[in-house]
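S.K.: Here's the feature list from TrEMBL:
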type	residues	note
REGION	17-42	region 'Disordered'
REGION	68-91	region 'Disordered'
Amino acid sequence: MARAHFTLLEPACYSEQDNLGNPQKSAPCGQADPGSPVEPTGKVTTYVQGQMITLTIEEGIFHPGHYRVSIAPDQESLPPDPEVTPGSTPCGSTEIEADPQLPLLADGLLAHTAAFSGQQTVEIKLPDDLTCTNCTLQVSEFMSNHGINNPGGCFYHHCAIVTIA
């Protein structure tokens, strides 16, 4: 089944995703997409401090780009999408943070210029000293060589609710 842009498979997405992966356009978690109301799943994924966690996505409509992961106590505390430098399209390029600092956990993940052949999985280490209850883990996709999407600019977004003990 084709899905639009990307679907967050692991950890469990905080909202229901339709067969197109929506809602996903609005920052920080797709919660304000026009015509796609959020339907919370109530799912919470539990981790432990310092754990290597698995992130699994499925990108159904190819866009060259990469993924980034942030974590914060709530959606309002997540960092804004990074600045984008236009190229041949409005979504030309963006800086990849080589040494991410909280709330950013990882950047430049799954960088690609060709379509994936299926689900993609990457491991991310949680900080040794981070604990939180029902905090928000954000996965965002930067799309280069793409026009502006409304209202997400050059990014698509999904979130998961996680507890780290």
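Each Cβ is built from the backbone N, Cα and C atoms, and glycine gets one as well.
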S.K.: When you scan the chain for residues with a C-beta under 8 Å from the region 'Disordered' (17-42), skipping those not six or more beyond its ends, what do you find?
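M.R.: For the region 'Disordered' (17-42), the sequence-distant neighbours (Cβ-Cβ under 8 Å, at least 6 residues beyond its ends) are 1, 3-8, 60, 75, 78, 80-81, 136, 138, 140, 149-153, 155-159.
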S.K.: What is the number of residues in the region 'Disordered' (17-42) that are helix, strand and coil, as DSSP sees it?
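M.R.: The region 'Disordered' (17-42) comes out at 0 helix, 1 strand, 25 coil.
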S.K.: With DSSP, how much of the region 'Disordered' (68-91) is helix, how much strand and how much coil, in residues?
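M.R.: Across the region 'Disordered' (68-91), the residues distribute as 3 helix, 8 strand, 13 coil.
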